[in-house]
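As structure tokens, the structure follows; a few thoughts come after it.
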């Protein structure tokens with residue numbers, strides 16, 4: 001009885017993972033040094049693709065262009 005309960009526990013934990021990274025889109029996102037988020041990308045990041053087999057968003061750091069005024073010589 002204990003063995004069957006243990007096997008059922010292992011089976012249920014392996015089948016019902018929330019954030020499985022086995023999706024090919026997740027692997028591509030991580031290879032490009034981006035991050036995966038399940039809800040939406042933070043303010044300072046742009047959405048560039050999907051993760052977790054289409055259930056999440058692949059986010060890339062936003063390039064900020066800040067102009068620095070030149071000193072007058």
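Cβ from N, Cα, C; glycine included.
Listed features, source Swiss-Prot:
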- 29-58: disulfide bond (DISULFID)
- 36-51: disulfide bond (DISULFID)
- 41-59: disulfide bond (DISULFID)
- 1-23: signal peptide (SIGNAL)
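Fewest other C-beta atoms within 10 angstroms, among the disulfide-bonded residues 29, 41, 51, 58, are seen around 41. Taking all protein chains in view, 21 other C-beta atoms sit within 10 angstroms of the C-beta of residue 59 (disulfide bond).
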